[in-house]
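Taken verbatim from TrEMBL:
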type: TRANSMEM; residues: B:16-34; note: transmembrane segment
type: TRANSMEM; residues: B:46-65; note: transmembrane segment
type: TRANSMEM; residues: B:72-89; note: transmembrane segment
type: TRANSMEM; residues: B:95-117; note: transmembrane segment
type: TRANSMEM; residues: B:124-142; note: transmembrane segment
type: TRANSMEM; residues: B:162-184; note: transmembrane segment
type: TRANSMEM; residues: B:215-234; note: transmembrane segment
type: TRANSMEM; residues: B:246-262; note: transmembrane segment
type: TRANSMEM; residues: B:269-291; note: transmembrane segment
type: TRANSMEM; residues: B:297-313; note: transmembrane segment
């Protein structure tokens, strides 16, 4: 009973993520507010600069995605005259995340932007920052039992439903709206991937009557993607398409298709990756990659925390748009998603 | 003058490197981060709190390495122990949690120990295998879910509590290091561990039960990992399968930098404590310096490399 009580928020996240909702919804059932509407106006700049705020960015890991979120947040903070005093990476280690929070509090930041690794372990980890009155803007996840607006400024995340839906639409288009599909989903109670994976499945089931999902396989270790795909292809040699929960395991699935000499099965996955995109522009198995606007996520996180410090009303649940990247728009898509130029291998094609 | 030079020459550089290294890094951060809160008592206390589980695991590893063995599985044991404790306390009192956590560590340690001591399998390979085995078991125990720990007494004793104003994790560190140091330096068992690590055949001939010593050091490793699991569960007020995953290299580096020989026969519990604190101080100071994450990793890696190189170079002489 006590366990259930304490993990209410976590359970809510999971329950909502596995539901059949047709839009991205927040952990408390909040409707999504587009990130474009969360803006610190130029009129506020003088007030913010006079307040001499500082910020810390406490990330879960390092990646192109995190770099882009950092760039978006840092540029917004620079525009507003806010110093970024520390940037950390927990390497997906909950204990390190707690240590990082304690360490940066020595510098007394007014703002912390972070991705809480896990609702349960993060609840105690962020407690000190919450008690110190730091404006907390969370990426994609929420510590259990934290209440808006008292405990945090906002959760900012991708338009998760749209990411899954656009992946389904892109795969269906590549398959001529008919055939069989394998669904490789993230086998963990993780809000982001669960919503995206289920949105793909829901869209295929509801919108594409001539496409059937004939194989389902969870994955928790990306290194096992190749063997999972091999088994899936062995049982379903005529598979028209495969959805892979994110780009890391998709690289393993692509390797399996190549090893089998399979050029007909299409892959759709989420989050940008150069090897996956290279296959796509070369007309290989990959049909599309659905990405998020990571730079915009960072900007919106920074803006929401600043608005909170200014005493403005901040929407509890903010989403940045999804972006379907195909061979035709890979250069523009890369720039829009990660705010960096597409790798030379892609732009030269 | 000659006497002074001889004295310096006679200093055991391997043992000294940790003291000089620790002091040097502390002074560097104290000066450069003077205005960034490094020297505040809260920040210095944080370093001890953050390193408490690693320090306690390092104590077990000093015994294992000194006996010529190694344990690579303790990171996985941490997760199994923390999850066992959290599950046991969902419907039971604190004692169930403590027994489940410590018990899991001791049983796994003894399992490693039996395979090494009595089946004569190399500890490197045995614990490499059990590292994967118990990491997998930790994942299946709760289907990857995190389990909250809501017992306030437990989280007080093993996490955020204080006794006479001293944080419980600091007390755990002091008590564990003191007990470890006394056993290592002042007991017959400690002498036997060093004798087995120095020359197992000679130790056997002189009447030391070598397999028993090997079993005991690996069981001790499991027990310290179990205690570290309890401390993580108390500190995070939750248990998760990823706990301890990233500790393996940190703890090994702390122990080696602290003057324990990789090939047995020589070690230091106090050195391991300083090694662990040095790792924590590096993490802390490099963040406070405002370095980018990649730069933090590069600088930390270079400093550890330097310290390990000096330590191991002296060991080979």
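Placement of Cβ uses the backbone N, Cα and C atoms for every residue, glycine included.
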**Request:** Using Cβ atoms only, state whether the transmembrane segment (B:46-65) and the transmembrane segment (B:215-234) have three or more pairs under 8 Å that are 6 or more apart in sequence.
**Result:** yes
**Request:** Report, as numbers and ranges, which residues of the same chain sit near the transmembrane segment (B:297-313): CB under 8 Å and 6 or more residues beyond its ends.
**Result:** 13-14, 17-18, 21, 25, 253, 256-257, 259, 262, 278-279, 282-283, 286, 291
**Asked** Given pairs 6 or more apart, does the transmembrane segment (B:72-89) have at least three Cβ pairs under 8 Å with the transmembrane segment (B:269-291)?
**Response** no
**Message:** Before we move on, state whether the transmembrane segment (B:95-117) and the transmembrane segment (B:215-234) share at least 3 Cβ pairs under 8 Å, counting only pairs 6 or more apart in sequence.
**Reply:** yes
**Message:** How about long-range neighbours of the transmembrane segment (B:124-142): same chain, 6 or more residues beyond its ends, C-beta under 8 Å?
**Reply:** 70-73, 75-77, 79-80, 83-84, 87, 108, 111-112, 115-116, 218, 241, 245, 248
**Fill in**
With the cut-off at Cβ under 8 Å and a gap of six or more residues from its ends, the chain residues touching the transmembrane segment (B:269-291) are 15, 18-19, 21-22, 25-26, 28-29, 32-33, 36-38, 43, 46-48, 50-51, 54-55, 58-59, 61-62, 173, 177, 180-181, 184-185, 250-251, 253-260, 299-300, 303-304, 307
